[in-house]
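Feature annotations, reproduced from TrEMBL:
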TRANSMEM  44-66  transmembrane segment
DOMAIN    60-309  domain 'G-protein coupled receptors family 1 profile'
TRANSMEM  78-97  transmembrane segment
TRANSMEM  117-139  transmembrane segment
TRANSMEM  159-177  transmembrane segment
TRANSMEM  223-245  transmembrane segment
TRANSMEM  257-280  transmembrane segment
TRANSMEM  292-311  transmembrane segment
Amino acid sequence: MPPWAGLAVSQRLQGLTPQRTANNGTAVEEFVLQSFSEEPGPRILFLAMFLLLYLGALAGNALIVTAISLHPGLHTPMYFFLTNLAILDIVCTSTVVPKLLENLALKGGTITYQGCMTQLFFLTWCLGAELLLLTVMAYDRYVAICRPLHYSRLMGRPVCALLAGSVWAASVVSTSVHTGLMTRLTFCSHNQIQHFLCEIPTLLLLSCSPTTLNNVMMVLADVYFGVVNFLLTLASYAYIIASIVRMRSATGRQRAFSTCSSHLLVVTLYYSTVIYTYILPGSGSSLENGKVVAVLYTAVSPTLNPLIYSLRNKDVKVALGKVFSCIRGRHGPCRLTG
């Protein structure tokens, strides 16, 4: 279930002066985003923290993409999908964090209507694509461990390209539908978003036109991107664990588990934020908790993913070491070998 779901019921909004007048009421030209704190001290702390997270996410994911691209030994399906994940993380965090940093520096801020729709488009695109990609990566590990003799056939280059293309295409179609439906709504009187970003539930609460179709499409997206993909990922790891348990060799079990442990950790981190979102309406501070969850999947997760894959993967660590050596110019021209 995408992290934007489950928040709409419990969030309350305040009205501000409208920006312009429409035929049947008022329509806004910009939205007011909420800051984390009004006090100068905490704001400076948050600004420094999010700046470090953003720089860490950019540097870490860029290094992962560079190391995999330049190291022939990492030109395998698993690392091909990891490259896609790193690119998604860069786009996701760059969609939200720069505007958040601006608002922290300016003690709250505004975002234009067009800017809000653009942020909504790219954010929902990245979140949906990441859920699909994690499922594809789980399937890749299932084939590698449970059907190793057929791996080269089932996960050949054409198949990997088709799977990756389907991930990007399916998510862009979904977010196009959601953004298109959002642009058809009229936003009256209220323009203060009780969040630091533009996402579907908070914007639906601001609308003064019917949102039934938007809610129906959001539920359908939740079922497809969330429930279906979660069950497929769960099924893949059920088969993987069963296959590992049946292995007679302790070395074989350890090697098999090490190939999927990093991905399993990332899946756990990502889906834990999604599941946590769904228990928010039952808590007394769902609005603040919703901000924490949004920080996890827009800033913390993109920063941690490169660390998880580099620290727990010997091949990636070796490739990164060679990249750093090339950067320092120890070995002349940067040509990595497998």
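FYI, residue positions are counted from 1 along the chain as it appears here.
Cβ from N, Cα, C; glycine included.
Counting residues 6+ beyond its ends, the transmembrane segment (223-245) has Cβ neighbours under 8 Å at 1-2, 5, 128, 131-132, 134-135, 138-139, 141-142, 145-146, 171, 174, 253, 256-257, 260, 264, 267, 271, 274 in the same chain.
Within the chain, the transmembrane segment (44-66) has long-range Cβ neighbours (under 8 A, six or more residues past its boundaries) at 36-37, 82-83, 86-87, 89-90, 93-94, 97-98, 100-101, 104-105, 299-300, 302-303, 305-307, 309-310, 316, 320, 323. The average pLDDT the prediction assigns to the domain 'G-protein coupled receptors family 1 profile' (60-309) is 87.
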